[in-house]
């Protein structure tokens, strides 16, 4: 999950800027990224946060969360092709990056979903390509390290369908052949969620044996770009995400990994924004623990897509404007509530649990711009504030 943030420059020199939504900006504290990053990947080892790839190309950066005044330090460049939406997690003191999508070579006609895996060693500051292939496409998936040293992976786009669609789209000149182009797009985007064949297994990768396994099937529609928070050892909350291109779900699920299997439990959906505005769900939101609660912030959706899908119009986002959300929700383990607002609508950045709240790193704004700002969403169970 990668996502983004607000306007730090406006906060310089301001001790506290109150927002009508209940958010407050405090004194500057967290350093900006060297470059804007959206659709990248992130992981954490101890007090070190790592972010890169996506719009940053092969760049990779680290921040000491215990000493943020040192700023982001550039680490060794990723050695694979530049990739968006890779699944990344830490295990055994190293960072593993799986799949993602991009061009295999600079002169490739269309992007593909990669089936490759790489490992980063902070000790040697170096990347290596692993001698393995992902069993399925894992672009848009979420990865998380387990206590036994393995890595669990949820969701992911179907490589065969994704690659073929982008190759077919790339082969048509939409200006010269508008009808053929529209027919192709309508055909792909008009399928029901099940037809996209997104990964519905909870895959598990074992770095020690360099092998793959499964923790069982997801009983729900699989998601890409959901928000994810660790609730405890082996317990993970998956929130919202896409169920097909352009259509999100408001559902949230608790996954408990026990005795070699993943056990799923549906919890409360994200709440409607008002009596007149139903919850569309979001993709690319930020998430993490803040005290006893889980915060989910931002993300992107298409207002009206749920209504279209309910009416059987499966190209649900056709003609709809994409919306970058600024809503922040808090989950107490039973119910959700609206906690406040981000400084601006953001999605597809990184988030890290931090003392007192959730650290929001980079992401994409409503103009599609990759952002550099970093800030802390502080939550005391009642009020939300923003610390830069």
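Cβ coordinates come from backbone N, Cα and C, glycine included.
What Swiss-Prot lists as signal peptide is 1-26.
If you look up Swiss-Prot, you'll see 48-92 marked as repeat 'Kelch 1'. Averaged across the repeat 'Kelch 1' (48-92), pLDDT for the predicted model comes to 98.
As annotated by Swiss-Prot, repeat 'Kelch 2' applies to 94-147.
Long-range contacts of the repeat 'Kelch 3' (149-186) within its own chain (CB-CB distance under 8 A, at least 6 residues past either end) are made by residues 87, 89, 91-92, 96, 98-99, 101, 109-113, 115, 136-143, 196-199, 202-208, 215, 218, 222-226, 228, 236, 238, 241, 255, 257, 262, 315, 318. What Swiss-Prot lists as repeat 'Kelch 3' is 149-186.
Annotation comment: Swiss-Prot describes 187-232 as repeat 'Kelch 4'.
With DSSP states grouped into helix (H, G, I), strand (E, B) and coil, the repeat 'Kelch 5' (236-285) comes out at 0 helix, 26 strand, 24 coil. The annotation repeat 'Kelch 5' is assigned in Swiss-Prot to 236-285.
The repeat 'Kelch 6' annotation in Swiss-Prot covers 307-356.
Sequence annotations record features per position, and here Swiss-Prot assigns repeat 'Kelch 7' to 358-387.
No contact links the repeat 'Kelch 6' (307-356) to the repeat 'Kelch 2' (94-147), because fewer than 3 Cβ pairs that are 6 or more residues apart lie under 8 A. Across the repeat 'Kelch 7' (358-387), DSSP helix (H, G, I), strand (E, B) and coil residues number 0 helix, 21 strand, 9 coil. Within the same chain, residues 2, 29-42, 98-105, 114, 116, 118, 120, 122, 125-129, 138-146, 149-151, 153, 156, 207-208, 225, 348, 350, 352, 354, 359, 361-362, 370, 374 sit at least 6 positions outside the repeat 'Kelch 1' (48-92) and bring their C-beta atoms closer than 8 Å to a C-beta of that stretch.
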